[in-house]
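**Q** The active site, proton acceptor annotation in TrEMBL covers A:HIS266. Among the features that TrEMBL reports, NADP(+) binding site is placed at A:ARG67, A:LYS174. Annotation comment: TrEMBL describes A:HIS204, A:LYS208, A:GLU242, A:ASP261, A:LYS364 as substrate binding site. According to TrEMBL, the domain 'Glucose-6-phosphate dehydrogenase NAD-binding' annotation covers A:30-213. What TrEMBL lists as domain 'Glucose-6-phosphate dehydrogenase C-terminal' is A:215-510. As annotated by TrEMBL, region 'Disordered' applies to A:1-20.
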Amino acid sequence: MAPFAGSGANPLRDPADRRLPRIAGPSGLVIFGVTGDLSRKKLMPAVYDLANRGLLPPGFSLVGFARREWQHEDFAAEVHDAVKEHARTPFREEVWQQLIQGMRFVQGTFDDDDAFERLRGTIEELDKAQGTGGNFAFYLSVPPRSFPVVIQQLKKHGLADQSSGSWRRAVIEKPFGHDLKSAEELNKVVHEVFAPDQVFRIDHYLGKETVQNILALRFANTMFEPIWNRSFVDHIQITMAEDIGIGGRAGYYDGIGAARDVIQNHLLQLMALMAMEEPASFDADALAAEKTKVLGAVRLPKDLGLATVRGQYAAGWQGGEKAVGYLQEEGIDAKSKTDTYAAIKLEVDNRRWAGVPFYLRTGKRLGRRVTEIAVVFQRAPHSPFDHTATEELGKNAIVIRVQPDEGVTVRFGSKVPGTSMEIRDVSMDFAYGESFTESSPEAYERLILDVLLGDSNLFPRTEEVELSWQILDPIEQYWDKNGKPAQYQSGTWGPVEADEMLERDGRSWRRP
Amino acid sequence: MKIDLTDTTASKINKALVQGRRAIGTPAVGMVLTLVIVTDEENAYDALKAANDASHEHPSRTLVVIKRVSRTPRDRTQSRLDAEVRVGADAGTGETVVLRLYGEVADHAQSVVLPLLLPDAPVVVWWPVNAPLDPANDPLGALAQRRVTDTYAAEQPVRELSARADTYTPGDTDLSWTRITPWRSMLAAALDQVTCEVEAVEVEGEEFNPSCELLAMWLADRLDVPVKRSLSGGPGLTAVRMATDTGQIVLDRADGSLATLSIQGQPDRAVALKRRETAELIAEELRRLDPDDTYASALRFGVDRLNPSVPEAAAEPDVAPKGEEAVVEVATKAVEATAPEAEAQAPVNDAAKRAKSTATKAAAK
């Protein structure tokens, strides 16, 4: 007879039974700002995909909160359309029937007390009707300035109070402030109402399979870790490029810029995962401890003028389409100094990485949409081949392609067939799509499920957010006082100043 | 592209695979496993289609082994291997080789398959029909880490389940077990919702569907309570009823797609429980290649220990031990009986009694 796990535990659950998926317990999700783009394109489809994969509990409830004058049915119809258009998995009527039972809509503005009372009523009704057990996550898909209002309202109406045996969680999206001071204020506001371990900060990059694979690549294998240090690595480049401009987000983007928008969260998180020491275990505390340690060891170069570059896209042709420059975009001040491209050089002061530069760059209207991490190795200390044989040989590299075309490439030299000895770079390629599932789960699916399960592995913590601002703040302050952004033509790989920055170190950017 | 090879050998097939790969310009191979499908001409098409669909999730080299029937003594003395090599768009996301074995070579299929296995990658053998009685000791089964059978396709599914239990070797698995993963997951989720003590369970489903027995055995094994298997018109599994100290929990699926979960004191909820395609089952099966201990434990619980009638079984301590075959036969009869439940009850009790002796014997082993 199979042994039962402790009294009160579910006898049908067995850790050895790995076919049974991790299903979230009884719970519901409340989305503020449910009419927004993120909600329609990512959150609602992710909820459906989770349900379709059988990962949501029976009775899972989805509550939308927005200003729009909708009835429950209008909301359901909106979700239906969003799911049909954006869901990853095929639409199945029976899954929809399961979901629709728990869908509610609450109409109101964020300062409307009545609306929050109605929300509380809805949640209590769902506890009875759907058996959600008082477990609710509040997803704040709202502009940063509304954060404090919503959080305070949740507190005022007792929505954040956990009774025994149930939980209330807050999910917040970037930006987590715009500098260290504002981040600390935001954290104060949120933590006043929700306990730190019930606050989930979404960095959707961390939900990506390839990013989680960094940990597997480094710590589950033996062949990479021994060379993952200053003795072998020459430098590391982390790139996140977008081919689009700011689109209609002028109001949000101007004054924020690429560095705050991308480097502070995504790129520094990627860097932390690449550079951190092996965590004692794969639980949230151990991971956070290692990430915090390495972010704390990051050091800025002395002369920020030589080690950072910012730029603005100028008019040009991007992939066959004519693109206007940043300063000509609608709603942008012609004198704006906001950066749409940022490249910075960082160093990590520890035994493993001393002297190895980390180059981080991001930008809009670049050559193509790509995110990748390249570990570039040193040249062989001695080559038995003569100079002409290795003329075409570059440095060895391991490239982790985060998106699109997720995978890992290893570049190394190989002999060109023929009578003479000639060595040239070749690539060895591992593509996720080739070796694993054709469509791996969307980042939001994973992250929403983790929120419902209370698993905070893939969410940056307060300390990490504050450390990241500590790294970025001096750069932003330097930029405020000195010079202005360099102009680069849309559709190219950034300003020449960025190329010069690497040239000074005797290196060059990889073309991603 | 497709390359046809008549009267060929494994090494020529290997050459054709390399040639095909070069021709379509993808020398890099990201295939994660070799899937060997052993089947007859009749089932080859459907099985291969399912495997190709599953290969979107698990790119693999698929080897279809078709043993052709020789109709005359002259045919039997001749032996011939024909192969059809498919790469690129014709073969899902991997490579497919359809092998047709005539005459004597049909008895030595492993000699053809062995050289065609991918280096290092795991091997899975799947018998859509006519699985051998002892898959692990079958010459083809012995090549594989994972052996997938399907008792659903057997003439006498329940008898076959008992046979599977007798020959179980780690790495064996059955699609009838795969089919019930959504049910198991939903039942586990239902017990997450309430704190209660389960007292008795009834599993209801169509006849000749071994998934019902497997689900019943799993529940009996995990919950340690009497489990009753009852019949309905289907499709497939139709209901699981759990009697608990806080009331009934019922998962009822009448139409094969949308189920209702009723928990005493809570409103009914609709939950999606669609019957899945073979491709989805195979994809799930290939996701984990380590031995499935939960399956082993449920399978070994024994079909004959379902439907216990507690007082009678306890009152009959001295049952003479009988051959295992007899037990299987009676148990099979019990569930096969199309008669109403009341009539079926007698042989069931009989089986339960004998089951005890089998259990004792098993313990002695």
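Yeah, the Cβs are placed from backbone N, Cα and C, and that goes for glycine too.
Please treat TrEMBL annotations as automatic predictions, because they have not gone through curation.
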**Q** Among the binding-site residues A:ARG67, A:LYS208, A:LYS364, report those whose Cα falls within 10 Å of that of A:HIS266 (active site, proton acceptor); none is a fine answer.
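**A** Near A:HIS266 (active site, proton acceptor) by Cα: none of them.
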**Q** Does DSSP put A:ASP261 (substrate binding site) in a helix, in a strand, or in coil?
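**A** In the DSSP reduction, A:ASP261 (substrate binding site) maps to helix.
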**Q** Measuring Cα to Cα, how many angstrom lie between A:ASP261 (substrate binding site) and A:ARG67 (NADP(+) binding site)?
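**A** A:ASP261 (substrate binding site) to A:ARG67 (NADP(+) binding site), Cα-Cα distance: 27 Å.
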**Q** Can you name the recorded positions among A:ARG67, A:LYS174, A:HIS204, A:LYS208, A:HIS266, A:LYS364 whose Cβ is less than 8 Å from some Cβ in chain B?
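**A** Of A:ARG67, A:LYS174, A:HIS204, A:LYS208, A:HIS266, A:LYS364, none lie near chain B.
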**Q** Rounded to a whole number, how many Å is the Cα of A:ARG67 (NADP(+) binding site) away from the Cα of A:HIS204 (substrate binding site)?
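**A** Between the Cα atoms of A:ARG67 (NADP(+) binding site) and A:HIS204 (substrate binding site), the distance comes to 26 Å.
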**Q** Among the binding-site residues A:ARG67, A:LYS364, which residue has the fewest other Cβ atoms within 10 Å of its own Cβ?
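**A** Each of the binding-site residues A:ARG67, A:LYS364 was scored by Cβ atoms within 10 Å; lowest is A:ARG67.
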**Q** Would you report the average pLDDT that the model assigns to the domain 'Glucose-6-phosphate dehydrogenase C-terminal' (A:215-510)?
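**A** Value for the domain 'Glucose-6-phosphate dehydrogenase C-terminal' (A:215-510), mean pLDDT as a whole number: 89.
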**Q** Ten-angstrom check, please: count other Cβ atoms within 10 Å of the Cβ of A:GLU242 (substrate binding site), all chains counted.
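**A** So the Cβ neighbour count for A:GLU242 (substrate binding site) comes to 18.
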**Q** Can you grab the distance from A:HIS204 (substrate binding site) over to A:LYS174 (NADP(+) binding site)? Cα atoms, rounded to a whole Å.
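**A** Cα to Cα, A:HIS204 (substrate binding site) and A:LYS174 (NADP(+) binding site) are separated by 9 Å.
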**Q** Taking A:HIS204, A:LYS208, A:GLU242, A:ASP261, A:LYS364 as the record's substrate-binding set, what's the max Cα pairwise distance in Å, rounded to a whole number?
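**A** Max Cα-Cα spread across the substrate binders: 21 Å.
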**Q** Measuring Cα to Cα, how many Å separate A:LYS174 (NADP(+) binding site) from A:LYS364 (substrate binding site)?
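**A** Answer for this pair: 18 Å between alpha carbons.
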**Q** According to DSSP, which kind of secondary structure is A:LYS174 (NADP(+) binding site) found in, if we only use helix, strand and coil?
**A** coil
**Q** Report the member of A:LYS174, A:HIS204, A:HIS266 (the recorded positions) whose C-beta atom has the most other C-beta atoms within 10 angstroms.
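**A** Its Cβ has the most other Cβ atoms within 10 Å: A:HIS266.
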